[in-house]
Every structure is written in structure tokens, then in C-alpha cells.
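See structure below.
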Amino acid sequence: MAVSTVVKKAARTTKNTARARQLSVESKEFTPVLYPLSDRTFSLSPRRPLCSWLKSEHAGKSRSQANDAQKRERKKERKKKKKKKKKKKKKKKKKKKKKKKKKKEEEEAEKERKEEEEEEEEEEKEEEEEKEEERDVYIDVFFATTTTTTTTTTNKKV
């Protein structure tokens with residue numbers, strides 16, 4: 001454990017980080033991982049998760065540059081997600097509008113069919129009424145002629 005205390009002491013400054021790493025590699029019983037606390041200090045315990053600037057894609061950059069890059073990446077992802085969501089919403093709205101339009105057209109078609117059926121029924125009723133009137137007139141004429149003839153014949157006979 002003596003090596004670990006030396007590593008901890010050596011890791012306190014950036015000048016000694018190389019020495020600390022060398023000691024940790026040399027040490028067989030204890031190999032510490034150096035976690036950054038700030039731009040210049042390191043810790044052997046992970047107080048916070050590994051920062052993005054330790055990743056290979058951010059190698060050679062300072063923490064602030066790496067964090068800025070990470071922020072930009074997150075912003076791009078959010079923008080992409082938002083765009084995708086907006087596109088989905090637009091598509092859904094378009095679909096809904098199309099459905100509504102189709103429903104409206106069906107209702108109009110149904111309305112027209114009903115109107116046509118009503119017109120046909122009215123025409124049929126009018127035709128029936130005309131036929132009935134013709135029958136009534138024919139019957140009236142028939143009865144009128146027959147009654148007069150009968151009366152005249154009865155008068156003549158008597």
C-alpha cells in the first residue's frame with residue numbers, strides 16, 4: 001500500500017502526473033486509474049463519471065473545449081430529435097386532415113344520394129296523384145253520364 005500513497009501524492013499536481021502513471025504501471029499490487037477533477041488535478045477515486053475529454057475523440061483538447069464539443073453534439077442530437085418529432089407530427093396532422101376530407105366527401109355523397117331518393121319519391125308521389133286525379137275524373141264522368149242516362153230512361157219509361 002505504500003505505492004498507492006506515493007501515487008496519490010504524485011497525482012496532486014500536473015507536473016507529477018507522468019511520474020504517478022509511471023509508478024502505477026510499475027506497481028504490481030496496485031494500478032490506480034487517474035480520474036480528472038479539474039484541468040490540473042487528478043484523483044484516484046471516481047467522484048464523478050469519466051468526462052468526455054478523456055475519450056479518444058476529444059484527445060488533445062482541454063476540458064472546456066471537450067465539454068463545448070459535447071454540448072454541441074447534444075444540441076445537434078436534440079435538434080435532430082425535435083425535427084424528427086415535428087416531421088412525425090406533421091405527417092400525423094396530414095393523415096388526420098386527409099381522413100377528415102375523405103369523411104366529408106362520403107357525407108356529401110350520402111347527402112346527395114338521399115336528396116336524389118327524396119326527389120324520386122316526390123316524382124313517384126306526383127305521378128300517383130296525377131293518376132288518381134285522372135281516375136277520379138274518369139269515374140266522375142262515368143258516374144255523371146250513367147246517372148243522367150238512367151234518370152232520363154226512367155223518365156221516359158214512366
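Here, residue 1 is simply the first one shown, and the rest follow in order.
Each Cβ is built from the backbone N, Cα and C atoms, and glycine gets one as well.
Just so it is clear, the model here is predicted, and its values are computed rather than measured.
Here's what TrEMBL has on this protein:
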REGION    1-21  region 'Disordered'
REGION    53-138  region 'Disordered'
COMPBIAS  72-103  compositional bias 'Basic residues'
COMPBIAS  104-114  compositional bias 'Basic and acidic residues'
COMPBIAS  115-135  compositional bias 'Acidic residues'
Worksheet entry | Per-state residue totals over the compositional bias 'Acidic residues' (115-135) - DSSP helix, strand, coil | 21 helix, 0 strand, 0 coil
Practice prompt. Please list, for the compositional bias 'Basic residues' (72-103), how many residues fall into helix, strand and coil according to DSSP.
Written response: 32 helix, 0 strand, 0 coil
